[in-house]
Amino acid sequence: MLQPALRSTFRALSTCPVSQGVVRRRCGPDGLWERDGSGRVWRDMSQCEEEKEVTSQELWFKQLMVSFRVLYTVGYSLSLLSLTMALIILLGVRKLHCTRNYIHANLFLSFILRAVSVIVKDTMLERHWGRQIMRPSDVSEMLSHQAALGCRLAQAMMQYCVLANHYWFFGEAVYLYSVLIASVFIDNNKPLPYICLGWGVPLLFVVPWVVMKLLKENKECWAFNENMSYWWIIRFPILFASLISFLIFMKILKVILSKLRASHQSGYPDYKLRLAKATLTLIPLFGIHEIIFIFATDEQTTGVLRYVKVFFTLFLTSFQGFLVAVLYCYANTEVRTELRRKLHSWRIATVTGPE
């Protein structure tokens, strides 16, 4: 027999396996649980049903994030393989060695490092937060400084590689502008200024970001941004490079269109037009999503806009390396000609044999 004092609430965790919900029963005047018309004990499980709905939403969101991760993992893996082969070709064929292809090779390397850093960062995050807690010592180990140190290093390296990737593409835009329109502050025949732009400039922003994270937001794996002003230390130079590259694209497009309308194009060698076509294809692909979502950060966007932004950003950035390799190497007439010549020479040497 249950006392009438239990009339208020009966928390039944065994039948409602949720964190906040309760199952309610009513105790009758005879001290027994009241029953419904079918003779079963009356229960109010509305709170459990609400949490089941929330759980289904969380499950859908988790599955969506897993799909996004599979998408960009496939994209980065495909880009990594194609870029590695393209880099070997550019560096292995001596007749392809020139300032233009040297910039291409560094662009390939920046994409390779970006893909590797993203994969390593995800692995470190999964290793840091994805482990199962089997004993109390696992919690203290997870929250320890030593466990987070490797994760933070991976995060810093990824930010540097992303910045370097953007600024090597910016170097491509500057080189194309110098070749087709006018000389700028960088000498096209000297690769050192491009090295400083592509590998040196990102350090000017990543180092202050790391310092601010250490001093102000030295928490977990540095994956979250509590103060967005610190995030803009590395966000602003990316947007700046993308915007300038897009403006260069518009300027070059105007010049190319005017030259195509003209009756003669004697001042434009064939390789320059091929370079223009490839770069004009890549510059809008590289910068357009950065410009569209310039003020729509992950923390500020919600709902459908957030999912659209995440999808397009992950798709473009992960598969972009593959597109770069195809346009600048595999579909490049000069590269294909040299490869056919190498293959022909190898076949002749194989047939002839050593004398």
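Glycine is no exception: its Cβ is also placed from the backbone N, Cα and C atoms.
These features come from TrEMBL:
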DOMAIN    68-332  domain 'G-protein coupled receptors family 2 profile 2'
TRANSMEM  70-91  transmembrane segment
TRANSMEM  103-120  transmembrane segment
TRANSMEM  167-185  transmembrane segment
TRANSMEM  192-212  transmembrane segment
TRANSMEM  232-257  transmembrane segment
TRANSMEM  278-296  transmembrane segment
TRANSMEM  308-331  transmembrane segment
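Annotation: stretch 70-91 has the most Cβ pairs under 8 Å to the transmembrane segment (308-331), among 70-91, 103-120, 167-185.
Sequence-distant contacts of the transmembrane segment (192-212) (same chain, six or more residues past either end, CB-CB distance under 8 Å): 102-103, 106-107, 110, 156, 159-160, 163-164, 167-168, 170-171, 174-175, 185-186, 230, 233-234, 236-237. The average per-residue pLDDT of the prediction over the domain 'G-protein coupled receptors family 2 profile 2' (68-332) is 78, rounded to a whole number. Among residues of the same chain six or more beyond the transmembrane segment (70-91), those with a C-beta under 8 A of the stretch's C-beta atoms are 101, 104-105, 108-109, 111-112, 114-116, 118-119, 122, 311, 314-315, 317-322, 324-326, 328-330, 335, 339.
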